Amino acid sequence: MEPSPPRPGSRGRIGKATHLLWLVDELIEEVLFRFSPDDPALLFRAALVCKRWRRLVSDPGFRRRFREFHRSPPTLGILCKTVAARFTHTRFYRTSPSCPPIRDRRDWDVLDSRHGRVLMANALDKLVVWDPITEDQQELAPLPRHAGCAPNGSLAALCAGAFCTNGSLAVLCAGAAGGGSCDHLDCHRNPFLVVFVGNDSEVMFSCVYSSEDGTWRSEPTVAAHHPHDRLEMSSSAFAGNALYFLFLRRSKILKYDLGTREMSVIHLPPGSDGVYGELALMTMEDNSSLGFARREGYTLNLWSMEADPNGAMRWTQSRVIEHETLLPVDALSIPPYVVAFAEGMMFMKTCDGLFSNDLKSRQSKNVLCNDYGIQKVFPYISFYAPGESGNSWAR
């Protein structure tokens, strides 16, 4: 049935009504933008109010504007490498109540997590990049076997920290290389890179995997400024246009420039030498500068790399935080260990379990009461909306 033609004089009223509805939609969006991304279920409940709200919430443009409004996605959970009865597997613990259950990855070792992707390896020398939300997984080509890369020929030994193997791996969005314009708010389906860096007794070396062509590219070996130390297989830091990896003695950092594909060694301030849990790399709030946290007894010292008046980069101590302002008294019978940093959130292993600490609000949360057997912790950071087809909010 054809619609009736508008009555004389009604065209102006229709135009005004359409404009009014547009203004109402804009006001509703402004309200919905202020929903916390830490609890995606709030948007899901808002979509159930009426058809108009459901249309707004499900619109890709709204989802994009929502991410741009908040900028920093929430930490949906943590990926923990656990070892029990000589078997290694990765377990996902939710830190957001609205995060969907994520299955354990038995016999897989988590190596890194960034931009909504997780890098994992197994005992058969397979490397995969996995999206925990969508369950999408891409297997990588075998790591090259040459004089520099994985000297003992075993990726499994690399993950286990074998003495003859020195190296670390990182995954990131391909748009980050060369100072790309990607804001990493919705790039989890875009091409990615995996960077492997390592060293032996004489040289440092690197390989880069591109998901676009499915191959590894070996970089020239570097002999200058050899650190005379082993790279630690632990969480790396991404700041500006570079990846940073920690050496085992924790007195030096390896910088890998994604634009020039060059490596250099950065020395930490005196007294930074320590054991696992006493020092962790971090990205500062501007996302372009490197920092680190160093535990000294019951005190946490935060350092950042800044330019001096002459333009030279140097370390500056930015904050000193007493652990008693971050953690409950019951968790401080022994000094806690710093195990991970992500988006202003610090994760600490204590005698009372694993805690997350927001360095801005000083709020802490016990995310895991029993952390027995956990060797590594990698935060998983992502925008997510329940019920989304394809979960296109994952970062």
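Even glycines carry a Cβ here, placed using N, Cα and C.
TrEMBL annotations: computationally assigned, not manually curated.
Remember, predicted model here, so these are calculated numbers, not experimental data.
Pulled from TrEMBL:
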DOMAIN    17-69  domain 'F-box'
Arithmetic mean of per-residue pLDDT over the domain 'F-box' (17-69): 74
Residues of the domain 'F-box' (17-69) by DSSP state, where helix covers H, G and I: 42 helix, 0 strand, 11 coil
